[in-house]
């Protein structure tokens, strides 16, 4: 076992006279004065840096002397070299060059005269005048104008704000490559052109069908009998004649399930997508474009920009998916060529969307509005990368009820819901109040006008409408006995009975204002039946299965529907089963009091004898096991209400009398039980629900 101590243990005692000189006593020492052996001790020793400096100086002087005494440089170059020069370096810095301007033994050899190590810096060549774009700050944002271009180029043609920028964040330049830039090139140079020129693709001269190694290509067209492709250049001639419904159905159904599509995101239609669409048109007649995010707020603008910038025709659209037809006479060889944007330019500085005091409000009103908006319920929740086709319509409908509208945008990117707010400001129009807590709060403004406006002229109800309410003998509705009995029990009321209002208001039909009817007409016209679901084959075929005649417009259809509604309303007012209030009587208390008074004196309405037939209710009860004699009996009780077909709902227009006869008859008869017929005879098994308590206790014991 070893013992470890912090201090050494003194085994031997130290000497009394220690010798501080380590030399041995037999060493002979000489005096330095006048002694030859002490010469090396008296000289001053030079440092290593001084020695290296002297070596460099001597070598530099020797090199200069050799250059001066060498008259014929060619002869000197022709002389064979005994040994190549190798720099020995210095002891302190072996990798450093001992002589400036000469190679070190650690330096890499020159690759050759054609590739010098230190390339001279070539000044930037001025850009070509023909390709140099002009950067413009216009009302449409930042644009680039190039000579010979069909239109002004932008980074995004659909999502660029329609507001003039205040200033640029950096010096203006075009992002189309080195030939169009006025600043030093900091990126990677483009690859040199291939020596082998590729054959230009001609859509009118397709390769033979079935050739190996070639992708499938659709023929140009479709063409009508006797018509073929033509080399044309204008947009109208490329499109050709309008497509028929059969042609549209065939083109769209062939692209519904394709995965070769163009995805459009928050930046909308960008400049480089122009070439991408032409690449998709190279092999197919129709390009499928799927839009998600901010660009779906205004799909009309997306379709307009596509047809204007690229050409083609949007033949079908459903929600965020649209199909762009290239044209009957489209040729990929004669397509327009667009320069490629090599990077996204920096966005300029735009005015603030949210003002501290919005236009038309005071500071106190704006503060109260923002405080009220925090407690307001949002009309919808916008998801990330969703389809917002109906957002503008929903906001307009919400403004009919409340002056403030709140939209929940939690989870979205900050720039996305700000772009949505800017679009709503122009499309609705409205005033942006706040973007607080990822919520869009908008105000309808002072100059807002309702779509349900009431005219100034007032008169009796349906004064200007002349409708023949007389029914022919064949079309007269048959009156059932129950209906005739109900009608005789409630005779028609005279005008004096209609005026029995507790508040003293007149309830006669003559006091109805025609403005209410026109307001109802406008409200019916404001409804829209647009669907935003993604197209399917069945839905598309259902939309296209219509007669060849020219379809009726939505205005004509709504006009016919409104006329039918007005006829029914006029008949109801004349028969005393309906009442229309004035605009001044739209207070909640007034409406309630008049409704109560009218319900007590109104005549009954028509009785609908044939209501909806109720389905027979079938109740099945699971089988139970009985442990008597190891026998298992499965019984099921089935209760079928046979009188369900006899039940009828009687609805009286004006008093709402509902009589459910089928349910009462079902309660009187009770439920009927029926056992299933067993293949075997189980005599000791009692039917379910017939055992008494004593018998059940005996069985369980």
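Numbers run from 1 along the shown chain.
Cβ atoms here come from the backbone N, Cα and C positions, even for glycine.
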The annotated region 'CRS2 binding' range in Swiss-Prot, which must be one of 564-586, 587-609, 610-632: 564-586
Region 'Disordered' according to Swiss-Prot, located in which of 36-66, 160-190, 191-221: 191-221
Per-region confidence, the region 'CRS2 binding' (564-586) (mean pLDDT, whole number): 81
